Every structure is written in C-alpha cells, then in structure tokens.
Amino acid sequence: MGCIKVISVFLAAVAAVDARAFFHNRGGNDVIPNSYIVVMKDGVTAEDFESHISSVSATHNLNKAKRGSETAGHKDSFDINGWRGYNGHFDEATIESILNDDKVKYVEHDRVVKLAALVTQPNAPTWGLGRVSHKAKGNKDFVYDSSAGQGVTIYGVDTGIDINHPEFRGRIRWGTNTVDNDNTDGNGHGTHTAGTFAGTTYGVAKKANIVAVKVLSAGGSGSTAGVIKGIDWCVTDARSKGALGKAALNLSLGGSFSQANNDAVTRAQEAGIFVAVAAGNDNRDAKNSSPASAPAVCTAASSTIDDVKSSFSNWGTIIDIYAPGSSILSAAPGGGTRTLSGTSMASPHVCGVGAAMIAQGVSVAQVCNRMKQIANAVIRNPGTGTTNRLLYNGSGQ
C-alpha cells in the first residue's frame with residue numbers, strides 16, 4: 001500500500017513537471033529587461049487564449065499592487081496561421097504564474113533585433129542584377145522574365161520604406177508600424193532593400209507590389225516582439241487581400257537565437273508567403289541567429305563581385321543560397337541612391353527572384369528548392385559545411 005502511495009506521488013510530480021512550460025533562458029546582453037514573449041501550445045482555442053490573457057492581466061495587476069512593480073503587463077497578441085502568443089512586460093512572479101499554465105508552450109526573453117547591413121561605399125558599381133541573371137560573372141546586363149513579379153506582393157519588414165521614391169511609383173503602400181509613430185524610413189535601410197527586391201531601376205521583381213512594414217527604428221534596432229507583430233500583420237493582410245500563395249516577405253534583420261522568431265517566420269511560410277532572410281554579418285555559424293536559423297525559410301549568405309564569400313557573412317549548414325551582398329547600389333530616401341554591403345543586401349536579391357518565380361507559377365512552398373536546383377556552384381571559400389551555390393534567376397544566360 002505504501003509503495004502504491006509513493007508511486008502515485010511520483011507520477012503526480014512528473015505530471016506537474018510536464019505541465020510546466022519551457023523557459024528559453026539564454027541570457028545575453030541583447031535581452032530587453034522584464035520583457036517576454038509567451039507562446040501557446042498548438043490547439044489552444046481563441047476562447048482559451050483570451051481567457052489566459054485575462055487571467056495573466058489579473059495576476060499582473062495583483063502582483064503590481066502587492067510589490068509596487070513598474071512593469072506594464074500584456075502588450076500585443078499575435079495569431080500567425082494558428083500560432084498564438086503575446087508579448088509583455090512582467091515581473092518574475094507573473095512569469096512564474098504563466099509558466100505554470102498548461103496552455104503555455106514556452107516563454108522566452110524579448111531581445112534587441114538589428115539590421116544586417118554594414119558599410120557605405122560611394123560610387124560603387126551596380127553588379128548584383130547582372131550576376132543573378134548570368135551563369136558567368138562579369139555581365140552588366142540584367143536579363144529577366146517579362147512578368148517580373150507582376151501580381152505578387154512583397155512585404156518589406158524593415159526600417160520602413162520611402163513610399164514616395166520614384167523607384168516604387170504606383171506599386172507601393174504603407175502597411176504598419178510596430179516600433180514608433182514615425183511612418184517614414186529615417187534610416188534608409190528599408191528603402192535600399194526594397195529597391196533591390198522590387199525597384200524599377202535597381203530591383204529584381206520590377207513589377208511586384210510592395211508593402212512597407214516598419215519594425216526597426218531610424219537607429220536600426222527593434223525587438224523580437226516587434227518583428228513578430230509585423231509578421232503577424234503581413235499574414236493577416238495577405239489573407240484579407242487574397243494574396244496568400246502570391247506573396248513574399250523580406251527580412252534583412254536578425255538577432256541572437258529566438259525560438260519565437262523562428263516559429264513566426266515558419267508559420268508565415270506555411271501560410272503561403274515566401275520568406276527570405278539575411279544570414280547575418282558576424283562571420284559565424286548562422287545556426288546561432290534568428291530568424292536565419294529557421295529551417296523553413298530561405299536563408300541568404302552574401303557574396304562579392306568575385307564570387308567569394310563576403311568576409312562578414314555568416315555561414316553554416318542552415319544557409320540555403322548565396323546572393324550578391326557586397327557593395328550593392330540601390331534606392332535611398334528622398335529619391336536618391338546609396339551603396340551598402342551586408343547579408344541585408346543578399347536577402348532582397350533572393351526575395352526578388354522568389355517573387356519572379358511565383359509570378360511564373362512556382363508555388364511558394366517550392367521556391368527555395370527551385371532556387372537551389374538551378375543555382376550556380378561557384379562560390380569559393382563558402383565556409384565550413386556551407387553550400388557554394390549562387391543565386392540564379394534561370395534566364396538562360
């Protein structure tokens with residue numbers, strides 16, 4: 001009898017441990033103090049989700065009254081193709097309560113997310129378009145299918161885009177802003193990447209429609225939660241406009257590893273949006289960066305005009321493809337141009353080619369695989385365990 005009682009107690013203890021959500025506590029100097037992302041288990045209904053939020057808000061308010069905490073509580077909720085969660089500013093007692101809710105899958109620290117661009121080089125040549133449309137290097141002509149991404153919507157999730165720039169005339173609209181109240185591109189990074197994926201002069205998919213989604217400030221930084229909120233908005237917008245299956249999303253940004261960030265981009269891809277992501281500029285294995293380390297998306301490393309890995313580019317088995325990223329000329333706010341280098345510049349080349357492929361009938365689910373099938377195996381010194389395949393648009397040149 002005593003043995004049965006001990007076993008029962010043991011099983012109850014195991015059940016209690018299993019019910020507790022996992023806490024991704026990786027630490028690091030990019031952690032935003034007292035800010036968290038909470039992800040619910042698959043299958044949690046909308047009603048249960050709202051009930052959980054109400055309970056968390058009540059617990060937070062109670063703890064705030066007891067301890068005089070200055071935390072703000074629940075901020076934003078997201079639902080990306082059935083992947084539900086939220087972010088907020090909580091004290092430790094409230095987080096303990098959240099972790100013990102059996103509807104919660106995991107909790108992680110919110111973190112700073114930054115641009116994946118590097119330096120400006122004035123008067124550099126434009127070479128990326130010629131490179132992705134020819135099997136041999138050195139060609140300056142850009143050869144592409146006349147559909148040029150027509151009928152496809154590209155979401156530029158970045159620092160915003162100068163929607164009045166002549167490069168985008170008649171094909172762009174402002175989407176949303178998750179970082180501040182300034183609906184402009186005060187940094188220039190987002191305008192540059194948009195110019196590469198869909199600009200009239202400097203772009204790959206010259207006829208694609210563009211949506212500006214601002215998740216990073218003029219200083220080039222934001223948060224994981226802000227990026228997730230932006231992705232959530234993109235999926236909702238694409239669904240409302242019947243664009244799922246005819247959409248692409250460029251993320252020329254990143255931070256340290258985040259399961260929530262990876263899950264968000266995975267759900268966007270599964271919903272019917274082709275997601276291109278910058279590998280990062282730390283010259284390290286991209287498996288340690290997010291959203292670059294999400295297996296479901298198309299992760300782009302950066303190459304030079306000489307078909308060599310850019311010195312700054314991340315590498316590793318998670319890399320899907322190389323694309324031009326060193327000294328890329330593109331649009332700048334105010335109607336001008338500028339030259340930037342980074343995996344931020346490689347990703348929009350991939351995004352633009354992806355949009356062009358979708359316009360030609362390739363399914364969103366197959367775009368990245370198709371790119372890898374026709375890519376040129378020419379990159380020298382790609383990095384340990386890294387593909388040597390360079391982006392090619394299949395023009396036949």
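Don't overthink the numbers, they just go from 1 along the chain as shown.
Note: Cβ is positioned from N, Cα and C throughout, glycine not excepted.
Per Swiss-Prot, the features are as follows:
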type	residues	note
SIGNAL	1-19	signal peptide
DOMAIN	35-116	domain 'Inhibitor I9'
DOMAIN	126-397	domain 'Peptidase S8'
ACT_SITE	Asp158	active site, charge relay system
ACT_SITE	His189	active site, charge relay system
CARBOHYD	Asn250	N-linked glycosylation site
ACT_SITE	Ser344	active site, charge relay system
CARBOHYD	Asn393	N-linked glycosylation site
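Here the features listed in Swiss-Prot are placed on the structure.
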| residue | record | CB count, 10 Å |
| --- | --- | --- |
| Asp158 | active site, charge relay system | 30 |
| His189 | active site, charge relay system | 29 |
| Asn250 | N-linked glycosylation site | 33 |
| Ser344 | active site, charge relay system | 31 |
| Asn393 | N-linked glycosylation site | 25 |
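Ser344 (active site, charge relay system) has His189, Asn250 nearby among the recorded positions His189, Asn250, Asn393, counting only those with a Cα within 10 angstroms of its own Cα. According to DSSP, Ser344 (active site, charge relay system) sits within a helical segment. Asn393 (N-linked glycosylation site) sits 24 Å from His189 (active site, charge relay system), taking the C-alpha atoms as the reference points.
Cα-Cα distance from Asn250 (N-linked glycosylation site) to His189 (active site, charge relay system): 12 Å (rounded to the nearest whole number). The residues of the domain 'Inhibitor I9' (35-116), classed with DSSP into helix (H, G, I), strand (E, B) and coil, number 30 helix, 33 strand, 19 coil.
Here the CA atom of Asp158 (active site, charge relay system) lies 7 Å from the CA atom of His189 (active site, charge relay system). In the three-state DSSP scheme, Asp158 (active site, charge relay system) falls into the strand class. Mean predicted confidence for the domain 'Inhibitor I9' (35-116): the pLDDT average there is 91.
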